[in-house]
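Below: the structure, in structure tokens.
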């Protein structure tokens, strides 16, 4: 009897324990005591209402559904299941007639038959999803891994793009003002026209300064938020890597790769946005040039293939040089980090260079 009690230790709140385990599965660390303090009612165990409220607080999307064992193959798992006795357990996986569950009162996960699940389970599930899982955080870690964090702030970045578009229009209007001065004011001595143009230039300059300031503020604020989110996600990803990854690499190599996060973010929020704007305005400027001179436009358009060929020929060389630069920088970073981490040994053995 004593052995049975030791193999199935009592857990005071299976709902809270299961919620914490599922939150960690979705990459969200949390403190059970803090959740109980915020959403618990005295010593009463967590019920469905408390679980749904706590899940929302953690950033999880929780939904209560009623189903049966025959439809588990089409149900997103793991999920929180409610037992006949009112306790909670995790329904982890369903394969044919075998079901993988984890009851917090038992030390290890269990594989049970479908018939046993039907006798134990009420048919009620609480499904959990998170932004991280929807965005594919557990997917392959490559360049696309960073895109969801940028897409999340697409509205603010769109506003930055719109303001940049207006500023480009102002840059296009300014030469037209000077053209009017040269063609109309100087030739016909139209001082009244000059006054109007000066007022117009002054208004354009004021708007340009104000819009530039607003764009810089919004852009800096948005990129800071993206940096924080990407840094947190990258840190979680780094901690979830297997031990073999760290055994095969020096500390400095990992630190150097983490520091490259800023360059990737800068490209996604800076160069990529500028590229979209430049492509659009290239068409606008070519149209304006065509209005003034077809031959001048032909010279510019004819030189574009030459620039493309130059870019195609130089890009591989630049890529190789940048790759070499990164490797050398990683080696320097590794030497610095490991030397400082082992400075006691270096000083004790008197092997300073």
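The chain as shown is numbered from 1 upward.
Placed from the backbone N, Cα and C atoms, the Cβ positions cover glycine too.
As written in TrEMBL, here are the features:
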- 6-128: domain 'Peptidase C39' (DOMAIN)
- 160-353: domain 'ABC transmembrane type-1' (DOMAIN)
- 156-178: transmembrane segment (TRANSMEM)
- 190-211: transmembrane segment (TRANSMEM)
- 267-292: transmembrane segment (TRANSMEM)
- 298-318: transmembrane segment (TRANSMEM)
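Using a Cβ-Cβ cut-off under 8 Å and counting only residues 6 or more beyond its ends in the same chain, the transmembrane segment (267-292) has close neighbours at 146-147, 150, 157, 160-161, 164-165, 168, 172, 219, 222-223, 226, 300-301.
With helix defined as DSSP H, G or I and strand as E or B, the domain 'Peptidase C39' (6-128) counts 45 helix, 39 strand, 39 coil. As a whole-number mean, the pLDDT of the domain 'Peptidase C39' (6-128) in this prediction is 81.
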